[in-house]
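*Asks:* I am attaching a structure below and will ask some questions about it afterwards.
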Amino acid sequence: MSFEEGADLNASHCCREWLAAVLGNTHVRWGWFVEETLVKVERFPAHQPLSWPQQTELWLAPVGSAPLPPASPWVHQLELSQVPLRDPYPGLGLDRALALWAAGIHYGWPCLVIDAGTALTLTGADSEGSLVGGAILPGLGLQAQALADHTALLPKVQWDPQDPLPPRWANDTVAAIRSGILHTLLAGLREFIADWRRRFPQGPLLLTGGDGKWLHPHLGPLDPELRWDPHLVLRGIAGCRQLHRTARHSPSAE
């Protein structure tokens, strides 16, 4: 599978068009940009063989086990040290840093990002753009997979963003698994959000990640500043690229 097949866009040698890629554990997300505008996003299974574009500027955020493309002068691999988030701790996930920094520069500081992917993470920064801290827990799919893998009789439950919230007191096994995972997850997130608001009464809250679309309508009534942005990490990559290009063309760099 190649990105061009899904995007129907041609590679450009003039650097107006370029590609960002987030290499995760379960998926690879490609974002095609024209200058700073995100025009197309595609998602592929992480270990599916991919045909990477040739002679196209490519910025990578390796955040999981997906294989890297071949090295070339066109490929730029980001590291945590290149994200201008203040006071990150060693080992902070690159995707968490990119999403938080993008949230801050696009929506304002202080901010809290809830990334509902394979792992669900909460990451916050204060009004100065300094990391406050966060939390990591298994995402919806990983919790369901753990029950199926480590019990003899429980089935694996699939999620659909269109599914309504199940009844809390379920009367069959599948509904009981859904209830247990979803209601306890929402209760925990509400408590984290309430604690964040005690510390930072103002500022945006951002949901991103594959399960964020499902979480948004269930958490949105809790806080009017909660927004859903599925492309925060890609926006963070774009911001880092812009900083790199600005620094390279500044008088001090000549």
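Glycine is no exception: its Cβ is also placed from the backbone N, Cα and C atoms.
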*Asks:* According to Swiss-Prot, V22, L23, G24, N25, T26, H27, V28, R29 bind ATP; so which of T118, T121, T123 is the extra one listed there?
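*Replies:* Looking at T118, T121, T123, the one Swiss-Prot places in the ATP site next to V22, L23, G24, N25, T26, H27, V28, R29 is T118.
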*Asks:* Sort the recorded positions Y89, G93, D95 by C-alpha distance from V28 (ATP binding site) and give me just the closest.
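*Replies:* Out of the listed candidates, the nearest Cα belongs to D95.
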*Asks:* Using a 10 Å radius around each Cβ and counting other Cβ atoms from all shown chains, which of the binding-site residues V22, V28, L94 yields the largest count?
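*Replies:* In terms of Cβ crowding, the pick is V22.
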*Asks:* Look up R96 (substrate binding site) in the DSSP assignment and report helix, strand or coil.
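*Replies:* The three-state answer is helix.
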*Asks:* With a radius of 8 angstroms around the mean position of the C-beta atoms of V22, L23, G24, N25, T26, H27, V28, R29, T118, what other residues of the same chain does the ATP site pick up?
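*Replies:* Nearby residues not in the site list: R43, A46, V63, G64, A66, G117.
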*Asks:* List the Cα distance (Å, whole number) between T118 (ATP binding site) and L94 (substrate binding site).
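*Replies:* About 15 Å separate the Cα atoms of these two residues.
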*Asks:* Looking at substrate and its recorded binding residues Y89, G93, L94, D95, R96, T173, figure out the farthest C-alpha pair and report it in angstrom, whole number.
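*Replies:* Per the listed residues, the maximum Cα distance equals 41 Å.
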